[in-house]
Amino acid sequence: ETTGSVSPPCWCLNDGVCQDGTCVCPEEWVGPLCELANFCEASIYTESTAEGILKNLTFQRIIVGRYSYSLEKCEPDTVNGNRSKAIRMCTRVGKIPTLQRPHILNCNENLDSLASQVETADFSNISAIASNTQILTSMPNQLTTQSISTAANIAVNILRKPNISTDSQASASVMATVSQLLDANETEFNHNNLIDVTASLTRTMEEFSLTSNITQSNIAIQSVPLKLNSSSILFSAQKDTELGYLLSTKLEVQENVPGLNGDLNTEVQILLNILNNNNGRAGFVLYQNSKFFKSRIYKSHGSFSKRIVSGNVDGGRTSGVELAFSPKYNTSELQLRDHACVFWDYATNDWSTVGCTKGRDQFLRCKCNHTTNFAVLMSFQIKYKYAKPLEYISYIGIGLSMAGLVITMLFQIFTRKTRKSSITWMLVSLCFSMLIFNILFISGIENRNAGNYGSDTARYDQQFQAYNTSDNTLLTSDLVDPPADPWCTAVAVLLHYFLLATFMWTALNAAQLYLLLLRAMQPLPGRFIVTMSVVGWGIPAMVVAITFGVTYREGKALNYRQEEFCWLAGLDENHNFSMEKPMLWSFLLPVALILLFNFIVFINITISVIWRDNKNLTRNKKDSFMKRAISTISIVVVLGITWTVGYLMLINQEETSLIFSYVFCILNSTQGLQICILYTFRSPIFKRKVSEVFPVFSMLEIPVYLHSEIYYVSKAHLAKHAKETFRPSTTVSEDISLSTLSNCS
């Protein structure tokens with residue numbers, strides 16, 4: 001009996017972790033078993049000053065390929081007060097980490113003074129200027145637009161010095177400076193006055209690449225002589241997965257190759273097809289990000305970088321250039337949607353697709369007629385975690401609520417004469433808005449893109465052949481919205497409107513109950529129902545119209561709604577709750593104000609009416625605790641107080657939020673059913689009608705007492721108006737329940 005292959009065990013040293021038979025080492029160690037040191041130990045370097053005084057410079061442990069700053073600082077009263085006096089790099093010679101000599105800063109020099117010296121400096125002083133510039137730019141997060149511009153100009157002037165490539169110290173310092181500039185804050189490159197500076201720097205780098213081989217963390221330069229028989233030159237680079245930067249041993253140049261290679265470990269390749277070779281040279285520059293190439297058209301929003309590669313030929317010309325990028329463009333958060341092959345057009349200082357075609361297999365491929373800076377610009381779509389179908393608890397609760405709301409509305413309409421009162425327009429309006437919201441929610445809340453998202457991606461992956469010459473168009477952004485879904489946007493608008501209307505009608509019901517119960521001796525305002533209708537349906541319409549008009553734009557529907565499901569947008573690109581999204585100011589805040597108003601009315605009614613003791617009542621007429629509790633629950637339900645649980649779901653604690661989610665779902669998905677039970681099934685008229693139709697279901701009436709005397713409605717017809725007033729009965733009558741009183745209007 002045979003079993004599948006099993007990865008052999010590995011015995012990793014120095015805290016290495018064995019994964020799939022291979023040791024994954026911490027950054028301080030490398031090698032198959034993490035046995036090789038990848039750092040230089042802490043050191044003290046003794047320097048001699050001009051006065052012959054010996055001074056120590058102390059450096060902490062340094063990872064190979066990185067710099068460390070001296071613990072000693074410049075004096076506070078100098079130009080560079082409190083800045084480290086020196087930096088020191090750790091490199092590898094064979095397998096042995098080796099410390100380089102420190103670069104010592106002149107504490108009285110700054111970038112401006114260095115810039116004034118570099119143009120007239122002789123060859124002997126260039127190295128010192130380059131080293132000081134490197135030290136002054138060694139804290140990229142502190143660089144400003146002005147300091148970037150000054151440092152770039154210094155680098156350009158140094159690289160243009162004759163035979164500068166023969167000074168390895170100066171060349172390495174300049175490349176380190178350029179690499180550090182590429183680590184500066186992205187926002188500092190958004191100023192237009194940097195465009196000409198960075199364009200001059202990249203052109204100079206192309207010329208310098210013909211004579212040098214230098215690698216830094218964010219930039220790599222490789223030069224190669226062209227032989228007479230060379231017909232093609234392939235430059236390739238691999239990013240070291242352990243150290244996180246480009247190593248010179250990972251850069252390779254091959255001649256007379258048939259084409260691009262298929263090694264998936266190669267992250268970037270550029271193939272130059274050479275014509276009329278005259279023993280010239282070819283040079284390549286690889287930038288780890290695109291900060292020197294700011295586009296006015298293509299806007300970046302994501303945090304992923306875009307590598308730029310350039311090829312330059314001297315003493316020959318090319319018939320074309322082929323490129324292949326193998327980025328990790330599909331992640332758990334993003335999905336590649338499109339890409340464009342571009343080159344940097346120095347005439348316009350922007351990207352252009354002229355003369356370039358694109359293709360895709362395991363690589364992103366390009367063919368261009370140029371030999372200058374190239375990039376593959378990519379657009380991504382967020383991998384939205386679409387909402388799962390509604391759980392059974394939601395289907396059951398909403399289904400029962402919809403049935404209850406329909407029964408309540410029909411009962412209110414068809415029994416208005418039997419009850420000898422006008423239709424309870426307020427309750428019918430509340431039930432109607434809640435019913436429409438429930439119908440929309442259960443049928444349209446799920447985004448239809450959730451069903452075809454995977455198929456759309458598959459179709460995109462299959463549409464590319466070797467090269468596609470018809471659609472290599474310059475992209476406008478690295479993040480794109482998913483396929484447009486007008487249906488989802490319409491559902492979000494309607495849900496927004498009817499849910500706001502539902503809350504507005506709960507507030508109007510609260511106002512009506514306040515007038516009926518706490519100001520019973522005063523008449524209702526004139527045209528009460530008309531006024532309430534305008535407020536109940538009109539104000540939500542205004543809020544929705546303003547929100548939609550302010551946030552929605554063609555092609556930018558996600559400014560208004562979410563993609564995961566058809567509801568208002570509330571999160572930013574980083575999935576954090578955003579104060580700028582409409583969820584907050586067009587829904588949560590208005591609803592919070594309504595619920596606060598409802599809660600105040602609820603407290604007043606509860607204290608002043610339901611739970612108030614009346615000493616004039618006889619003992620047997622006093623309300624029981626159960627009756628009062630049911631009356632309280634009835635007010636809670638019709639005023640939507642249970643929706644306050646939704647705000648508790650915002651608590652950023654998973655277990656607590658989950659508990660409140662279930663409570664919220666149970667209470668509010670069944671709100672319509674609760675209204676039906678409390679305001680229809682418990683009504684004496686409903687019980688009597690059911691008893692008449694189905695005697696076997698004769699129900700016992702259990703009224704909920706609110707007052708010791710009943711209030712009848714009488715109408716005094718004055719002029720063209722009908723004015724409603726309330727007067728207490730002069731005779732003792734049976735007490736009325738809350739459901740009966742709330743039906744009065």
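Each position is counted from 1, following the chain as shown.
Backbone N, Cα and C atoms are what each Cβ position is placed from, and that goes for glycine too.
Please treat TrEMBL annotations as automatic predictions, because they have not gone through curation.
These features come from TrEMBL:
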DOMAIN    390-683  domain 'G-protein coupled receptors family 2 profile 2'
TRANSMEM  392-411  transmembrane segment
TRANSMEM  423-445  transmembrane segment
TRANSMEM  494-516  transmembrane segment
TRANSMEM  528-552  transmembrane segment
TRANSMEM  587-611  transmembrane segment
TRANSMEM  632-651  transmembrane segment
TRANSMEM  657-681  transmembrane segment
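Within its own chain, the transmembrane segment (392-411) is flanked in space by residues 427-428, 431-432, 434-435, 438-439, 441-442, 665-666, 669-677, 679-680, 683, 686, which lie at least six positions past its ends and keep a Cβ under 8 Å from the stretch.
Comparison of 423-445, 632-651, 657-681 by number of C-beta pairs under 8 angstroms to the transmembrane segment (528-552) places 423-445 first. Computed over the domain 'G-protein coupled receptors family 2 profile 2' (390-683), the whole-number mean pLDDT of the model equals 80.
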